[in-house]
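See below for the structure under consideration.
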């Protein structure tokens, strides 16, 4: 921290195990893939869920191995924008780092709003399961999402010192809840044939070909593989971070990939009739699958509650990640209001204003659903686009440094002689993922089918550019401009 010109102000109270729990629950991988089941049953079906996840998980492991090595070199809460500042060519260091910081901040703010809303709508699904007379209303989901926002506030303020303990407990529930659901489904659900489960791709979305439908559906398995940089933004609260952090990143990736792969196999063979579960009055195919398997409202409700509980913990973890990231970026004068956003509460030893801003944004974004669920879905997809772009910029700068710059800084977790190949492979996998996340998707494009994330991304860049021209270019200098280790 001293070498990088930063002052240690946060309490280092996370160990490897608690950070493993934080990273694993912040993504809520196997829980998340269940909530995306509706989407992929329409475009691609369970065969795409299986084979698509295998392909995406292999590629994204290269991405996180690259990030893990950089986290060992410079374990600071800034993460991507700090590493870009460290490794980008001197001429472009400041501006690329600045935009990387905005991308990361927007990505995590949107992700937090998304998971809060996801918890709210899943609670609606649980209500519909137990009350056939319940009538869905978008404003119900919005109010439930705002309630989750207030829930996350308490765990990130009053109980902030207990967060490592909470994450350790959540890790145990993350694993035991997974086992309970998987075992129950295999024991009680009917079986599908191997052909239906793994070979017969579907195209129920009206696309011109099954191949195109599958490329669209590929976004679902990708979604649960984005965001493992969450632990990076907590790095200034980790003990012995230069080795604990990269181990926690790769440990959480390996753990969650294993859990998701297992739940995918389970769902693929125990789903039942896809048309029936898609027509579920609960709004979620996985809730209907639980009920069809157990034949019990109580059993299906308990299984659904496990998912709701873990998604709620995910919201708590993401609020912590969001607040630390914008606090770090504000510390380097990259955001409007950076003088107060960079403050740390002396009482709770947390960036309190960063937490308040993050959760306020989430509550405001959830209001959009009252007017248009299409707009809210577009905003949530923006999170994946922005985060993947921040990965691309960061790893791209690292590749440039390996090829044309000075030797890399010392690190305790290294990719060794395979580093360049792994970094290049990461860029190869990120390119098509970013393309399909921003592609308008239909021709001709309509307001209902347009992928608005690309338009919103341009809007984010426009806002960031205006602030940079008006004020940022004079104040933001990049976190390591004075101590770059290639000079």
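Each residue, glycine too, has its Cβ placed from N, Cα and C.
Taken from TrEMBL as is:
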type: TRANSMEM; residues: 20-42; note: transmembrane segment
type: TRANSMEM; residues: 48-67; note: transmembrane segment
type: TRANSMEM; residues: 99-127; note: transmembrane segment
type: TRANSMEM; residues: 139-158; note: transmembrane segment
type: TRANSMEM; residues: 165-187; note: transmembrane segment
type: TRANSMEM; residues: 207-228; note: transmembrane segment
type: TRANSMEM; residues: 249-271; note: transmembrane segment
type: TRANSMEM; residues: 297-316; note: transmembrane segment
type: TRANSMEM; residues: 348-368; note: transmembrane segment
type: TRANSMEM; residues: 374-399; note: transmembrane segment
type: TRANSMEM; residues: 420-439; note: transmembrane segment
type: TRANSMEM; residues: 451-470; note: transmembrane segment
Contact call for the transmembrane segment (249-271) against the transmembrane segment (48-67), three or more Cβ pairs under 8 Å: yes
The transmembrane segment (348-368) touching the transmembrane segment (165-187) per 3+ Cβ pairs under 8 Å rule: no
Annotated stretches the transmembrane segment (207-228) and the transmembrane segment (451-470) touching (3 or more Cβ pairs under 8 Å): no
Long-range Cβ neighbours of the transmembrane segment (48-67) (under 8 Å; 6 or more residues past either end): 33, 37, 40, 197-198, 201, 214, 217-218, 220-222, 225-226, 228-229, 232, 249-250, 253, 257, 260-261, 264-265, 267-268, 391, 394-395, 398, 415, 419, 422-423, 425-426, 428-430, 433
Beyond the flanks of the transmembrane segment (139-158) by 6 or more, those residues with Cβ under 8 Å of it: 113, 116-117, 119-121, 123-124, 166, 312, 315-316, 319-320, 323, 348, 350, 352, 355-356, 359, 362-363, 366-367, 369-370
Cβ pairs under 8 Å between the transmembrane segment (420-439) and the transmembrane segment (451-470), at least three: yes
Distant-in-sequence neighbours of the transmembrane segment (297-316), which means Cβ under 8 A and at least six residues beyond its ends: 25-28, 31-32, 34-35, 112, 115-116, 118-119, 122-123, 125-126, 129-130, 148-149, 151-152, 155-156, 163, 166-167, 170, 173-174, 177, 180-181, 184, 286-287, 290-291
